[in-house]
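Novice: My questions all concern the structure below.
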Amino acid sequence: MAELKRITSLEDSLPEEGNVNTFFYQTHSVTDEGPNEAVREKEQKAEVRKIEHRDLQNLEDSEKRKRKIKIIKNLLVISFGFLLLFTAFQSLSNLQSSVNSVQGLGTASLSVIYAALVVSCMFVPTFIIKLIGLKYTLIASILMYSTYFAANFYAHWYTLIPTSIILGLGGAPLWTAKCAYLTETAGQYAAITGQTVDNLVVRFFGVFFMIFQSGQIWGNLIAYHVLSPQTDSANATLELDPTIYETCGANFCNENKVVSNNTNLERPPDSKVYTLCGIYTGCSILSALFVFAFLDPLHREGDEDKKGKARPSFGLLISTFRHLKNPYQILIVPITIFSGLEQAFVIGDYTKAFVSCAWGIHNVGYVMICFGVADALSSIALGQLIKWFGRIVIFTMGALVNVATLITMFLWKPLPDNVTVFFVIAALWGLSDAVWQTQINAVYGILFPSNEAAAFANYRLWESLGFIIAFAYAQFLCINVKMYILLIVLGIGYSGYLAIEIHLRMRLRRQEPSEPANGTFETGMPEKISN
C-alpha cells in the first residue's frame, strides 16, 4: 500500500542528490555515547570503505566483471524478494477493512502495525543488523511478515493483534537492511566502474522501485480473481434494495443498520479467503527462501566485533524529540500527519465505504490497481515537473486535487453502474498521494541537511501517527466526519508548509547566513531552497 513501505523506507531520503553519502552512517551511528562517538564511528567506517574501494579498483578486468555481475544479481534478488513480499502485504492491507470488518478488527490490526513500527524505528534496526548482519536481518524480517499473513486464516483479536505487533517490529529492520545493502553494493559498483556513488545509488534504487511498485498490480489482480463471485458481479449488486446505496459513500456509517443488511459487504466465503491467504503466505515464504538461497551476505571489516557490542540504543529516540525544538519541524508536522491520514483513508475507508459498499468486496483489488499505477506514474512525472514549476506549485496542485476529490466524494452517490467514477477517484487520489510522498520527503532532506537521521525519524513518527489515528477511529466515525477531518488537517498542514516557504524566501532576499539548528531555524543549500 501507500503504505507501510513509505513509512519504514529510510531510503526515501536517498534519491535526493547529496544525501546518499551520509545516509548509512547517520542511520546507524546514533548511539548512547553521544555525538562525538557517532562522529568517530562514521570516520572509521569512511576510512574502511576507502580502503575497500581502492582494492576493488585494483582488481583484474576479469575479476571486475565477475564482481559487477554478482552485484547486479544481488540487486535483482532483493528487488524480486520485496516484490513477492509486498505483492502480498499491500493487497491484504487494502482488504482488511472489508474482509475483517467485525468490530473493526482489520483496521485495528493495521493501527497496531504502525504503532509497533514507530517503536521498531527507534530501537530495533541498528541492534538487529549488528547482531545478525544485513542478509539475515532481511530474512528474519520477511518471516515476521509471514506470521501476519498466516494469522488471517483464523482472524481473531488474539491472532491478528499479536502478529500485527510482530510485523510492525520487523518493518523497520527490513527496510533499513535493504537500504544499507543497496547503498553499500552501489558504492562497490561505483568503485569498480569509476562512476560516482550518488548516481549509482539513485540508479540502484530506481531499478528496485521499478520492480517493487509492480507489486500493487499483481497483488490486487490476485485478490480480484480469487474473490470474484461465480455470477456476474454487476447483476448481483443491482438486485440490492436501492435504499442501501444511500448508505454508501459519504453517508456510510458502521453503526447504520441498513449497512449491516448490505450483501456487498458480506465477508467472502471462507474457502476464498483461505485461498487468498494461502497465496499471500506462500509469496512471503518464497520471498524468504529466495533471499536465503540467492543473496550474498556482505562481509565488512569489524562486523564480527560489532556483534558482541550489539544492544538497543536510545540515541535516535532522544535526537528525534530534540529535533522538535526546530520551528521548521513543528510547522511541517501537520502535513506529515496528513500524509498518514490520507493513505489510511484510501486503504481503509474508500475501499469499504465506496467500493465494497456499492460495487462489492471483490472489486477492491481491481480499483486499487488503478490507484497504485497512478501513484507510481505520478511519482515519476513529478521529478520532471518540479524542475519546471517549482515546489510550491506542486504542493498546491496536490492540495487542490485532494480538495476537489473530497468534494466530489461528498456529492457523488456511488452506484454499481458508475464504474468509471470509482477508477477516476482512485487515480486522482494516487496523483495527490504521489505529491505528498515524494515532496514531503524532499522537503525534510532540504530543510535539515545536517541532521537527517533525526529529521527522517520525525517524518516516520508523525506519518505513522496519522496511520494510527485514522485506523483507530475507523470503526467509530462516519465517513463524512473523516472527510472533514482530512480537509481541516490538510488546510493546517498546507498553511504550515507555506509559512516555511515564505520564511525561506524572506531570508534569501535578506541573504542571511545559516543559523544553528539548536532551537532556531536551519536551512539547506540556497540553490535548493529556491526551487
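Note that Cβ sites are derived from N, Cα and C of the backbone, with glycine treated the same way.
Pulled from TrEMBL, these are the listed features:
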type	residues	note
TRANSMEM	74-92	transmembrane segment
TRANSMEM	112-129	transmembrane segment
TRANSMEM	161-183	transmembrane segment
TRANSMEM	204-227	transmembrane segment
TRANSMEM	273-295	transmembrane segment
TRANSMEM	353-377	transmembrane segment
TRANSMEM	389-412	transmembrane segment
TRANSMEM	457-477	transmembrane segment
TRANSMEM	483-500	transmembrane segment
Novice: Taking 3+ C-beta pairs under 8 angstroms (sequence gap of 6 or more) as contact, is the transmembrane segment (483-500) in contact with the transmembrane segment (112-129)?
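Specialist: They are not in contact.
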Novice: With pairs closer than 6 in sequence left out, are the transmembrane segment (389-412) and the transmembrane segment (273-295) joined by 3 or more CB pairs under 8 Å?
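Specialist: As far as Cβ distances go (cut-off 8 Å, pairs 6 or more apart), the transmembrane segment (273-295) and the transmembrane segment (389-412) do not touch.
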Novice: Most CB pairs under 8 Å with the transmembrane segment (204-227): which of 112-129, 161-183, 353-377?
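Specialist: It is 353-377 that shares the most Cβ pairs under 8 Å with the transmembrane segment (204-227).
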Novice: Cβ under 8 Å to the transmembrane segment (389-412), counting only same-chain residues 6 or more beyond its ends: which ones?
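Specialist: For the transmembrane segment (389-412), the far contacts come to 249-250, 342, 350, 354, 382, 418, 421, 425, 428-429, 431-432, 435-436, 439, 442-443, 480, 483, 486-487, 490, 494, 497-498, 501, 531.
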Novice: Run the contact check on the transmembrane segment (161-183) against the transmembrane segment (457-477): 3 or more C-beta pairs under 8 Å, excluding pairs closer than 6 in sequence.
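Specialist: Touching, no - the transmembrane segment (161-183) and the transmembrane segment (457-477) miss the threshold of 3 or more Cβ pairs under 8 Å.
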Novice: For the transmembrane segment (457-477), could you work out the same-chain residues 6 or more beyond its ends whose Cβ comes under 8 Å from its Cβ atoms?
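Specialist: Sequence-distant neighbours of the transmembrane segment (457-477): 6-8, 10, 12, 97, 103-104, 107-108, 110-111, 114-115, 117-118, 121-122, 254, 316, 319-320, 323-324, 329, 333, 336-345, 348-349, 440-441, 444, 485.
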